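Annotated domain 'Clp R' per Swiss-Prot: 3-144, in sequence order, evidence recorded as sequence analysis. According to Swiss-Prot, the feature region 'Repeat 1' maps to 6-71. As annotated by Swiss-Prot, region 'Repeat 2' applies to 85-144, with the evidence given as sequence analysis. Look at Swiss-Prot and you will find Gly204, Glu205, Pro206, Gly207, Val208, Gly209, Lys210, Thr211 tagged as ATP 1 binding site. Annotation comment: Swiss-Prot describes 389-523 as coiled coil, evidence class similarity to another entry. Look at Swiss-Prot and you will find Gly606, Pro607, Thr608, Gly609, Val610, Gly611, Lys612, Thr613 tagged as ATP 2 binding site. Among the features that Swiss-Prot reports, region 'C-terminal' is placed at 765-857, with the record citing similarity to another entry.
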Amino acid sequence: MNPNQFTENTISAINLAVDISKGNMQQSIKPEALALGLLMQNNGLIPRVIEKMGLNLQYIISELEKEMNNYPKVEVKVSNENISLDQKTNSILNRAEKIMNEMEDSFLSVEHIFKAMIEEMPIFKRFGISLEKYMEVLMNIRGNRKVDNQNPEATYEVLEKYAKDLVELAREGKIDPIIGRDSEIRRAIQIISRRTKNDPILIGEPGVGKTAIVEGLAQRILNGDVPESLKNKKIFSLDMGALVAGAKYKGEFEERMKGVLKEVEESNGNIILFIDEIHTIVGAGKGEGSLDAGNMLKPMLARGELRVIGATTIDEYRKYIEKDPALERRFQTILVNEPNVDDTISILRGLKDKFETYHGVRITDTAIVEAATLSQRYISDRKLPDKAIDLIDEAAAMIRTEIDSMPEELDQLTRKALQLEIEIKALEKETDDASKERLKVIEKELAELNEEKKVLTSKWELEKEDISKIKNIKREIENVKLEMEKAEREYDLTKLSELKYGKLATLEKELQEQQNKVDKDGKENSLLKQEVTADEIADIVSRWTGIPVSKLTETKKEKMLHLEDHIKERVKGQDEAIKSVADTMLRSVAGLKDPNRPMGSFIFLGPTGVGKTYLAKTLAYNLFDSEDNVVRIDMSEYMDKFSVTRLIGAPPGYVGYEEGGQLTEAIRTKPYSVILFDEIEKAHPDVFNVLLQVLDDGRLTDGQGRIVDFKNTLIIMTSNIGSHFILEDPNLSEDTREKVADELKARFKPEFLNRIDEIITFKALDLPAIKEIVKLSLKDLENKLKPKHITLEFSDKMVDYLANNAYDPHYGARPLRRYIQREIETSLAKKILANEVHEKSNVLIDLDNNHIVFKEV
C-alpha cells in the first residue's frame, strides 16, 4: 500500500477518520471511522452515490456514530503520534488496492475503499447497500473513465456540477416564455445543423435578449418543434465562474475543462453547450505555461465534434473574440437587434402571467404599453426589452410591498393609540382632580380608537387573505398548465382532457369568482391596491431618471398655468422675455413639444445686470422648487479651441478620459435640468459646433461613445453682444433689434443660430423696475433676519432714495445690491452687535436729511 498512490479525497477521508477517532478518544482508526470519513466529505463522491441510491445519508452517519461509541475509549489525550490503523481497517485498504488493480486504475480512490467496505463490513447490508446496486450507480457517475490522476472526481459528472440543463429547466417551467425572435432561433438551428463549424455566436447590446433566444431554442427542443437532427438534444448552460472557482493547483482548471469537453464529446452530439458571456473563455484559467479555455475549444470546434452556442456583447466580441482570428472563424455570428416598442409589448404580454403569479398582483394592459413606451423614451442608456421588463417587475414589487405593509390609515391609528397610552401612564401618577378628569377622557378616546383600529385591522387581514387566495389559485393554474404541457408531449390525451376540462376549468372559475369578490370589495373603500397601472410605471420611471413623467396633478397644472406670474414676482422689468420662456414651458408640459429636441433653447441678449442669469435660476426654482437643477457652464472657461473636450470628456488616450465631461456627466445624472451657458461670446467659436446636435436632435455623444439624452433639458445662453445699442435705445426700437441681430450673426455661424428656438433681447432696466428690485432686495434682507425675529419696514422715500442713488443704466441691478450691502446691511449689523437693535423687534428704515436712519417701533 503506497500512500503516494492515494487520491486527494482518499487522503482527506483518512485525515477526517483520524480526527473522528481522536474526538472519540480511540487510539486506532476503526473501519466505521474511515466510513464516516468517506460519508462526511463535502461534495464528495460517496455521499453523491448514497443519494443517487435513494438512501438516507444522515441515518447511515448516525448509525455508524453509534457503532463507534461501542468501542473502548482511552483516558489519555490521543495525538497523531500514538494513533494507528486498526487491523480490520488495514485489511479494507489492502482489499481496496486489489480492487484498484482489478479496475485498471492508477490511483487508490474513495470508490475502491467503499467497495471494499461493502464486501468486508456486514453493517452496510443492514442499510440496504448491495454491491451490485453500488457498482451500477458508480458506473453511471464515472462512466468508462479511469482514475489516472489524484483528483479523478473533477472529471465525474462535470456537466451536472458546472452546467445547467436548459431543456430540463424548461420542462420544470423554470424558464419564462419566449415571444418572437423566430428568425434568430431559426438561424441558430440552421447553423447547429451544419456538419462543421456548427457553432453560432449571438452578439448584441446588453439586455436585448441573447440568452432568451437560447432558452427559446430549449423550449422548442422540449416541444419537438425542431428538425430531426435536433430532436431530444440537451442544451447545457456552462457556468464559467464555477468551473474556474476553487481550481487551486496548476492543471486543475484544465482537468475540469477536459472533463466537460469529454462528456460533451461522448454524448455523440446529443449535448449542445451554451456559454453565456463567451468572451470569458479567452484567457480563462490561463497561467504560466498553461492553455486557456479558448485554445482548448478550438480543435474540437473546427472538427465539429463540439456544438457550442455563445453569447456576448458587441464590444466584448470586438475586444476579445475578434482579436483571436483562429477562434473567431470557428463561430458563425447572429446579430441580435433591439426589438421595437410593439415587439416589446408582445414580449411583456407573454411574461405578464409569470409576474402576476410571482408577485400576487394584477398587471393591467395599459401598464404594459406604458412600460414599453416610457422606457424607450426616457431610459436611453439601456435596451429593450430588458428595461421594460425591469419596470414591470419593480412596479409589481412596489404594489406587493404595499400589500404586505401596514396601510397608512391603520399606521396612523396605531401611532395615535401609542401616544395616548404614554399620556395615560403619565397621568396615572398625578393625584389632582384635573388630571383624573383628563385621564377619564383619554381612556375613553383610547377605547374608541382601539375599536376603530380593530375594525380596520380585521378589514386589512381579510383583504390580504383574499389577495393571497388569488395568488395561490394562479400558482395552481400554472402548475396545471405545466402538467397539461407534459401530457401533451407524452400524447396522454385522457389526462390532458381531464386537466383541461376538469381541474383547469374549476380553478379558472374559482379565480374569476375570487377576483370579482375582490373587485366588488375594492369599490367600497379598499385599504389595499392590487393592480399595477400606468401611474405606477410612470412613478418608477421618475424615480429612475429624475424626469417627472407621471400625470400632472391639479396643483402642478395650476402652477404651470401661472408660471409667468410666479416668475414676474422675482424678475422685474423683463415681461417680454418671461412670457416667451413661460409659453415654451407650457407647450412642453402639455406634451406639444418636439419629442426629439430639447424642451426649449434660447439666447438671452442684453446689457450686464438686467436679469438674464437670474431669469434662468428663477425658472429652475419654479420648475423644480430648487435652483440646484441649473447646470451652469461659464463659457469664459472655454476660450481655447481644445477646451471643448472639457464639455464632453477627453478622447481615448488623453488624461481625464475616464472622468467624462462637465456637461455630459451633469446631464447623465440630472436629465431634467436647465442648462445655462453664461457669457457665450467669451468662448471660442468652435466650441459651439458640439452643441449643434444637442439643439437639433436632443442628444450628444460623450468622449467614451455614450449617447447622452438632452430631450428633457431647457437650454439658455446669455450674452452681452449688442448691449451698447440697447443702452442707447432703452425702448428697443425695430432698428435697434436689427443692429443687435446683425452683430450676433457676425459673431456666430448661421447653422448655430438657426437651431435656436428664440433669441430674446432684454431691455435696460428703467427706474420703476429698479424700485421693484429695491423692494425685493429689502425683502431678502428681512428673510435673513427672520432667525432673530427682526421685522423690517421701509418708507417709499427710502425706496426712491436707494433707486436713484444706486441706479446706473450701464451696470443694471448689480450696483444696487452693493449699495444696499454698504449703506444698510453694514449699518444694521453694527447696531445689532451694539444692542441698539434688539431681537423680536420691528425696525423702520427711513430717510432723514438724506441720511438712512434705523428706528425700533
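Backbone N, Cα and C define each Cβ position, glycine as well.
Since we're looking at a predicted model, the values are computed, not measured.
On the structure: features taken from Swiss-Prot.
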residue: Gly204; record: ATP 1 binding site; Cβ contacts under 8 Å, 6 or more apart: Lys210, Thr313, Ile314, Leu335, Val336, Asn337, Glu338
residue: Glu205; record: ATP 1 binding site; Cβ contacts under 8 Å, 6 or more apart: Thr313, Ile314, Glu338, Lys383
residue: Pro206; record: ATP 1 binding site; Cβ contacts under 8 Å, 6 or more apart: Thr313, Arg382, Lys383, Asp386
residue: Gly207; record: ATP 1 binding site; Cβ contacts under 8 Å, 6 or more apart: Arg382, Lys383, Leu384, Pro385, Asp386, Lys387
residue: Thr211; record: ATP 1 binding site; Cβ contacts under 8 Å, 6 or more apart: Asp276, Ala311
residue: Pro607; record: ATP 2 binding site; Cβ contacts under 8 Å, 6 or more apart: Asn720, Ser723, Ile726, Leu727, Phe762, Ala764, Pro809, His810, Gly812
residue: Gly609; record: ATP 2 binding site; Cβ contacts under 8 Å, 6 or more apart: Leu765, Tyr811, Gly812, Ala813, Arg814, Pro815
residue: Gly611; record: ATP 2 binding site; Cβ contacts under 8 Å, 6 or more apart: Val571, Lys572, Gly573, Gln574, Phe762, Leu765, Gly812, Ala813
residue: Thr613; record: ATP 2 binding site; Cβ contacts under 8 Å, 6 or more apart: Leu676, Asp678, Thr718
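Reported as a whole number, the C-alpha separation between Val610 (ATP 2 binding site) and Val208 (ATP 1 binding site) equals 51 Å.
The candidate set comprises the binding-site residues Lys210, Lys612. Of these, Lys612 has the most other Cβ atoms within 10 Å. Taken through DSSP, the region 'Repeat 2' (85-144) splits into 43 helix, 2 strand, 15 coil. Broken down by DSSP into helix, strand and coil, the region 'Repeat 1' (6-71) contains 46 helix, 3 strand, 17 coil.
Apart from the site residues Gly606, Pro607, Thr608, Gly609, Val610, Gly611, Lys612, Thr613, the chain places the Cβ of Phe604, Tyr614, Thr718, Asn720, Phe762, Gly812, Ala813 no farther than 8 Å from the centroid of the site's Cβ atoms, the recorded ATP 2 location. Apart from the site residues Gly204, Glu205, Pro206, Gly207, Val208, Gly209, Lys210, Thr211, the chain places the Cβ of Thr313, Val336, Glu338, Lys383, Asp386 no farther than 8 Å from the centroid of the site's Cβ atoms, the recorded ATP 1 location.
For the region 'C-terminal' (765-857), the number of residues in each DSSP class (helix H, G, I; strand E, B; coil) is 52 helix, 19 strand, 22 coil. Non-local contacts of Val208 (ATP 1 binding site) by the CB criterion (under 8 A, 6+ apart in sequence, same chain) comprise Val336, Asn337, Glu338, Pro339, Lys383, Leu384, Pro385, Asp386. Cα spacing between Thr608 (ATP 2 binding site) and Gly209 (ATP 1 binding site): 55 Å, rounded to the nearest whole number. For Gly606 (ATP 2 binding site), the Cβ neighbour count at a 10 Å cut-off comes to 27, with all displayed protein chains included. Distance from the CA of Gly606 (ATP 2 binding site) to the CA of Gly209 (ATP 1 binding site) is 53 Å.
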